[in-house]
Amino acid sequence: QVLLVFAEEDDQSNGFRWACDKAGFRCHIARTPQSALECFLDKHHDIIIIDHRHSRYFDAEALCRSIRTTKASENTVIICVVQRHTDREESSILPLISAGFTRRYVENSSRMACYNELIQLEFGQVQAQFKLRACNSLFTALEKSQEAIEITSEDHVIQYVNPAFETMMGYQIGELIEKELTEVPINEKKADFLDTINSCIKIGKEWQGMYYAKKKNGDSIQQNVKILPVIGQGGKIRHYVSISRLCNDNNKVEKTCECIQAESQTDTQTCRHKDMRKGSLDVRSTTSRGSDGSSQRRRSSMARVHSMTIEAPITKVINIINAAQESSPMPVAEALDRALEILRTTELYSPQLGTKDEDPHTSDLVGGLMTDGLRRLSGNEYILSAKQTHQVAGSLSSPISLNDIPPRITQAMENEEQWDFDIFELEAATHKRPLVYLGLKIFARFGICEFLNCSESTLRSWLQVIEANYHSSNSYHNSTHSADVLHATAYFLSKERVKQTLDPIDEVAALIAATVHDVDHPGRTNSFLCNAGSELAILYNDTAVLESHHAALAFQLTTRDGKCNIFKNMERNEYRTLRQVIIDMVLATEMTKHFEHVNKFVNSINKPLAALEENGNNGDGESIKTVLRSPENRILIKRMLIKCADISNPCRPREQCIEWAGRISEEYFAQTDEERRQGLPVVMPVFDRNTCSIPKSQLSFIDYFIIDMFDAWDAFADLPNLMEHLNNNIKYWKGLDGRNLRVLRPPP
């Protein structure tokens, strides 16, 4: 609110009035000192502008002094409008300051000049006064605090103590203010102990511990004290805040939600370093209005929240470390602090790429596969519609029976139980329809029809519908990739350790999830879809867009037509369980949580099993069974299984590995081409078909995503042949890269 005090209307007053309207400020006009004072006491304006150009009307300085005598003007900005003199020397502003004016304004009736003045005031003095006004609330909180609070300057001169401090120590505030700490014999500890405290707080660290303090009457009391340095002007420590509370009868400190307990010691004190958080105060939160009733209700709610026993596992870990810090020497306490910093981050499982000399291929792969894009939409939206027409059972020709498979296809599938099975030979024999044939054979081997209580013809129809909804135009994400992942999944399911772990329903879910895990894939990454503003990205809120679509569409295609509904004869609860496992496994193929899945697998399964073996419990079946069969660990194993199956290309025989590398590179090249055509952010710039080094990109992918994951999976499932292929393929790509070749194969 603005109050204009002008005896007469003129261009200057009109300029300020127009400026108030433009700025959206409420404006009042007073013509006399009496009406100005009455209006101010009624409205409590933030800005008062007084005309000081014509003394014959009223004394502007006397009016300002009158306003300043009121309590309401404490945070008011008062402006003095003075005449412009070009023919005499500039006069001093000190008399105006003495009268109580905040600043002067040399007359300028230009509307924009008046408007600019008001805007500068709003974001300068007025905003500063708002913050000062909020300080009253903060001091009220300090005054009512039950903890003793003392604030000193950087030179340890006492500047404030609250009533609780006066009560605890027996001093009156007047006896302490402006006194140096050394003048007040409060701390009984030795000089070297004070040096220990100072060594902490002078480098910006918080100190917490116990010491004995002496009251004014000479009595000694034991306190739990926390001393916090406050960073101010110039990034230097400008104040110290000391928060003290008396210890109870058992010489232990009451717990609070925010304070770490210090160990009760008489002779040995622990100096604990903690990084100070340079937080800022939100003034709006301290000036918010509310009734006494609402305040009481909120306090009651907060008390209930603090008494809740719900605790996340990570919270328990942090609390355990906090407790361990209490009795730890300083180096250990500092190390635990660093551990706590890491644990409190949101991305607990994702490694951080270095900022120097980082591999651009790795950076682009991480950016392209592990993020949801830059979320910068273009005018040309990429259309992959959730309402897109999909192939259904009725629109497809009737598939053949497993018993009627042509000899060439039968021959191509002869060794499908072996890891070295050639999926590309089957792709050629089936004219790019390998999923139906391989699916029929693998599902028959695992007795899927018997488990689902469905006919072979229903299964055939379902496989054909799913395969028809893979895009054969994609160089990589087509039904051959799906068949390859299905084959790897079946191979892993046949390993002894996996068979010990999973139930029949898990095996069924894994094979179905592998079959559908990329259905209707557009040949573009999640980042691309998010950047392009595709309908699917909007539908799934830019989160696991493709994986959510694959899982949802798979069930839509399956259940919309009884001819291909392989679930139609299942009991309801069993179907819900199966559906839940399938969805979880498909979503696990999303790469943003890659490191979370791998790290959880290592810590929950690999390490406990290794510990059992080291302790000589290798033959203890019950102990191993406890690790393997817990519901949580079975989920981790299923996720790891499909993840390894999904990106197992580097562990295939060399020629298959090379073929897959060429196909995924071509798909990424096509995406980069389209991003440039549409003016979208290029999420993987190294995949430029004119400059990309395929060996480098493969080595980066293997190094960042594959090695650790397959080391963990091999330790669990025992896969020496896969690891041998992986090592051979790494040598192959390094050989090409060492010769500076950017292609898939060396020249003849």
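Each Cβ is built from the backbone N, Cα and C atoms, and glycine gets one as well.
Just so you know, TrEMBL annotations never went through curation; they're auto-generated.
Database features, via TrEMBL:
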type	residues	note
REGION	264-305	region 'Disordered'
COMPBIAS	270-281	compositional bias 'Basic and acidic residues'
COMPBIAS	284-294	compositional bias 'Low complexity'
BINDING	His477, Asn478, Ser479, Thr480, His481, Asp518, Asp646, Gln698	AMP binding site
BINDING	His481, His517, Asp518, Asp646	Zn(2+) 1 binding site
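Comment: AMP site residues His477, Asn478, Ser479, Thr480, His481, Asp518, Asp646, Gln698; largest CA to CA distance 22 Å, whole number. Between the C-alpha atoms of Ser479 (AMP binding site) and His517 (Zn(2+) 1 binding site), the distance comes to 10 Å. Excluding the listed site residues His481, His517, Asp518, Asp646, the same chain places His477, Ser482, Val485, Ala514, His521, Thr589 with Cβ atoms within 8 Å of the centre of the Zn(2+) 1 site Cβ atoms. Same-chain residues at least 6 positions away in sequence with a Cβ under 8 Å from that of His481 (AMP binding site) are, in sequence order, Asp518. In this structure, the CA atom of Asn478 (AMP binding site) is 11 Å away from the CA atom of His517 (Zn(2+) 1 binding site). Here His517 (Zn(2+) 1 binding site) comes close to Ser482, Val485, Glu547, His550, Met585, Val586, Thr589, Ile642, Asp646: these same-chain residues lie at least six apart in sequence, with C-beta atoms under 8 angstroms from its C-beta. Of all the binding-site residues listed (Asn478, Ser479, Thr480, Gln698), Asn478 has the fewest other CB atoms within 10 A of its CB. The C-beta environment of His477 (AMP binding site), restricted to residues of the same chain at least 6 apart in sequence and closer than 8 Å, consists of Tyr470, His471, Asp518, His521, Gly523, Glu667. Within 10 Å of the C-beta of Asp646 (AMP binding site) we count 23 further C-beta atoms, all protein chains included.
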